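Accompanying notes for the structure given below.
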Amino acid sequence: MANVIVIGAQWGDEGKGKITDLLSRSADVVVRPQGGVNAGHTIVVQGQTFKLHLIPSGILYPETECIIGSGTVIDPKVLLEELGQLKSLNVATDNLFISQTAHITMPYHRLFDQASEQRRGEKKIGTTGRGIGPTYADKSERTGIRVVDLMNPDELQEKLEWTINYKNVILEKLYNLDPLDPKVVIEEYINYADQLRPYVIDSSLKIYEAIQERKNILFEGAQGTLLDLDHGTYPYVTSSNPIAGGACVGSGIGPTVIDRVIGVAKAYTTRVGEGPFPTELHGDIGQQLCDRGAEFGTTTGRRRRCGWFDAVIGRYAVRVNGLDCLAITKLDVLDELAEIKVCTAYELDGQTCHHFPSNASEFARCTPIYETLPGWQQSTENCRSLEDLPKEALDYLKFLAELMEVSIAIVSLGASRDQTIIVEDPIHGPKRALLDENGDPVTTHE
């Protein structure tokens, strides 16, 4: 039995969908703990591409139960569209469950998100405009609509009549937008409720029962460590906690039941939207990474900013998540490069900096300190073991593992399931050793 968290170790879009899909074959339950339709994951199975935002990747395994947890924010319209897409492709969805305490994204959330971002002008954050931040804001202000409210038409009508009238004042007075018609919105969401009702459960209880039955549970994180509300590049972050601790909160379980945490990182670095990005490449190499890596967002279609691998933020991800091992994705994107750079530290105001600065303005002033490695300039897409890899590619992976001080358990060389090298058992492998001041293992946290 193992309860495993899969976490993005960069700014999201690391390939968590594929890694979760791979690991789901041995999972009894897959849980999506946080985030909303701002997160997208792409899975390719036998040449067929599935693009999902809310539904866990494990849905493609008919025997795997999939849970949308209480820490998520759900846009019912998008969720029903995903369910329809899966059903049209003959993918069973009766193994999907939705937490009754997850919050609901409403039309006014989307309007607030888009209008607020527009008013920021040059100081925009770079949100997806899908209403995620305003939904989480209402959750914190205790004025949000939850799934359990959606299931009670009378209670929903009472809450929404008051809430929409209140939100209309903001729409009209602050943003100069047309008000919403409460009757139309209520009718729309009651219709959504009728369609989603069969899926709604007490998710925390179901997860607890699965733990008691010693089932294998996989927690699928959304976004990435550097987008965490508390530990990311604030204010250029998401509105939830994509780190490992957030998976426990968003699932309704305690941290002591987690056996292992797997971090997912690209062999280079990408970022969507605004915010500091020390290793960003603006020239031909950056464009080459974008083109070869098909770096366009699943949710928005926006071009992702591309740069060299940043081991400083990588080590930070290891620290704040307690990563036990790594999955490195898109190694094949680097196949054509004559040389590859890795950021090992920053220069900040004339000083060498080995740690991620919490202040965004300081982070923006960081200049990467690089170490240059030779490229391999041959295809790795058909490699299925470490022995198949060119020596330079293997050396590159070893260098990343040394810098991150954590082992690499999985190497992904393409979008398909079979384009993968399993280096060590990512689920039942050893826990990461605690190191003394000399870098030697002193104990393990069993």
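Placement of Cβ uses the backbone N, Cα and C atoms for every residue, glycine included.
Copied over from Swiss-Prot, here are the features:
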type	residues	note
ACT_SITE	ASP13	active site, proton acceptor
ACT_SITE	HIS41	active site, proton donor
BINDING	12-18, 40-42, ARG304, 330-332, 412-414	GTP binding site
BINDING	ASP13, GLU14, GLY15, LYS16, ASN38, ALA39, GLY40, HIS41, THR128, ARG142, GLN223, THR238, ARG302	IMP binding site
BINDING	ASP13, GLY40	Mg(2+) binding site
BINDING	THR298, THR299, THR300, GLY301, ARG302, ARG303, ARG304	substrate binding site
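All features noted in Swiss-Prot, drawn onto the structure.
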| residue | record | Cβ contacts under 8 Å, 6 or more apart |
| --- | --- | --- |
| GLY12 | GTP binding site | ALA39, ALA222, GLN223, GLY224, LEU227, PRO242, VAL272 |
| GLY301 | substrate binding site | none |
| ARG302 | IMP binding site | VAL272, GLY273, PHE296 |
| ARG304 | substrate binding site | ASP13, THR270, ARG271, VAL272, CYS290, GLU295, PHE296, GLY297 |
| LEU331 | GTP binding site | ALA267, THR380, ALA393, TYR396, LEU397, VAL411, SER412, LEU413 |
| request: Report the largest Cα to Cα distance, in Å and rounded to a whole number, among the residues ASP13, GLU14, GLY15, LYS16, ASN38, ALA39, GLY40, HIS41, THR128, ARG142, GLN223, THR238, ARG302 that the record lists as binding IMP. | output: 34
| message | Helix, strand or coil by DSSP: which one applies to LEU331 (GTP binding site)? | response | helix
| query | Taking the binding-site residues one at a time (GLY15, GLY40), which has its Cβ surrounded by the most other Cβ atoms within 10 Å? | reply | GLY15
| Of LYS18, HIS41, ARG303, the recorded positions given in the record, which has the fewest other CB atoms within 10 A of its CB? | ARG303
| Densest Cβ neighbourhood among THR42, THR128, GLN223, LEU413 (binding-site residues), 10 Å radius | GLN223
| query | Should any of the recorded positions ASN38, HIS41, THR128, ARG303 have a Cα within 10 Å of the Cα of GLY15 (GTP binding site), which are they? | reply | HIS41
| From the Cα of LYS18 (GTP binding site) across to the Cα of ASN38 (IMP binding site), what is the distance in angstrom? | 18
| said: Rank aside, I only need the closest one: which of the recorded positions LYS18, HIS41, THR42, ARG303 has its C-alpha nearest to that of THR128 (IMP binding site)? | reply: ARG303
| task | Inside 10 Å of the Cβ of ASN38 (IMP binding site), count up the other Cβ atoms and send me the figure. | result | 28
| field | Secondary-structure category, per DSSP, in which GLY15 (GTP binding site) falls | value | coil
| query | Cα of ARG303 (substrate binding site) to Cα of HIS41 (active site, proton donor): how many Å, rounded? | reply | 15
